Amino acid sequence: MKTFAETAKAYLALTKPRVIELLLVATIPAMLQAARGEVNFGLILLTLIGGWMGAGAANTFNNVVDHDIDQLMRRTRRRPTARQTVSVGEARVFAWVLLIASVLWLGFLCHSWLAAGFIVLTNWFYVFVYTKWLKRRTWQNVIWGGAAGCMPVIVGWAVITDNNGGAFHAGWSSWLQAIILFMIIFFWTPPHTWALGMRYREDYEAAGVPMMPVVKPPLQVTRQILAYTWAAVITSLLLVPAASWIYLAAALISGGWFIIKAHMLHQGVKNGTPVKPMQLFFLSNNYLSILFVALSVDAVLGWQTLAHAVLG
């Protein structure tokens, strides 16, 4: 019989805390930039809790749907539903509880039913479009399915706008920044995930998941990794006018580092030399963290944006 601590640990594992950690890192800079120069720590904390429950629900639903293929992969076979430490039925109930709690939390405590709606939309897309359909049918699963992982910035932005006059009051220029943040993560996701796929290619193949590294030649994979890396870095520069030199410096330095590492991986595959794709995987995490920490600092300080400095 499992102890309470063991049961709690298993349920926590269903939410994939490491994945959520990265998602929440994206929520904070979005909220700070949306309220540039003004910091409401209480609202940010409440949003993070609501966002954690929403993301935890999506990840738990993912465990429910994928429990069969998780049993076939070394990287995932220790997940609670794969090991049956938590039954599929119990996990499904837990996911629904988290989702409902997230919606009510964001709606009533964060005063943003728009953000709550985005949480529902994200869960629907992640579970039905990505997990049940794209993931098992096409190598483009990561490209389009990755849109769900971009939603924390939209949720965070929605909370701020709903607490400052509403989404329509914010105007298109404000939401354009949110869309740019969304697209940064959208373009960042494929190189991040395909690098992992190159390392665990045999696992995905054994589970019948058509990840790009499984169905395409390595050179084609690294070529796509390179293209999406460039796209992510270039997109990050679109936010420069709405920030100061702090963000600009971080975007250029970390972006250059990201591109160089992607080029090294591609060149290694092209030359037929041994490569270490996990180096790019971990570096991609560092890139996004550096970029968003810099944006957070930039927004909190509220220094003059480069657009105002140039245009007056």
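Glycine is no exception: its Cβ is also placed from the backbone N, Cα and C atoms.
Fair warning: this is a prediction, and the values are worked out from it, not measured in the lab.
Summarising the annotation, Swiss-Prot assigns transmembrane segment to 12-32 (among others).
Under 8 Å from some Cβ of the transmembrane segment (41-61) lie the Cβ atoms of residues 14-16, 19-20, 23-24, 27-28, 31-32, 91-92, 94-96, 98-99, 101-103, 105-106, 109-110, 115-116, 119, 122-123, 126-127, 131, 148, 152, 155-156, 159-160, 163, all in the same chain and six or more residues away from its ends. Annotation comment: Swiss-Prot describes 41-61 (among others) as transmembrane segment, evidence class sequence analysis.
What Swiss-Prot records for 93-113 (among others) is transmembrane segment, and it gives sequence analysis as the kind of evidence.
Annotation comment: Swiss-Prot describes 114-134 (among others) as transmembrane segment.
Taken from Swiss-Prot, the feature transmembrane segment covers 141-161 (among others). Residues 23-24, 26-31, 34-35, 43, 47, 51, 54-55, 58, 106, 110-112, 114-115, 118-119, 121-122, 125-126, 129-131, 134-135, 167, 169-170, 174-175, 177-178, 181-183, 185-186, 189-190, 193-194, 197, 209-212 of the same chain sit 6 or more residues outside the transmembrane segment (141-161) yet have a Cβ under 8 Å from a Cβ within it.
According to Swiss-Prot, the feature transmembrane segment maps to 168-188 (among others), an assignment based on sequence analysis.
Distant neighbours of the transmembrane segment (240-260): 33, 36, 177, 229-230, 232-233, 283-284, 286-287, 290-291, 293-295, 297-299, 301, 303-307, 310; these residues of the same chain sit at least 6 beyond its ends, with a Cβ under 8 Å from one of its Cβ atoms. Annotated transmembrane segment per Swiss-Prot: 240-260 (among others), in sequence order, evidence recorded as sequence analysis.
Sequence-distant neighbours of the transmembrane segment (290-310) (same chain, 6+ residues past either end, Cβ-Cβ under 8 Å): 25-26, 28-29, 32-33, 35-39, 184, 236, 239-251, 253-255. Taken from Swiss-Prot, the feature transmembrane segment covers 290-310 (among others).
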Apart from its near flanks, which chain residues at least 6 from the ends of the transmembrane segment (12-32) lie with a Cβ under 8 angstroms of it?
39, 43-44, 47-48, 51-52, 55-56, 59-60, 62-63, 79-81, 86, 91, 94-95, 98, 149-150, 152-157, 159-160, 178, 181, 185, 285, 288-289, 292-293, 295-296, 299-300
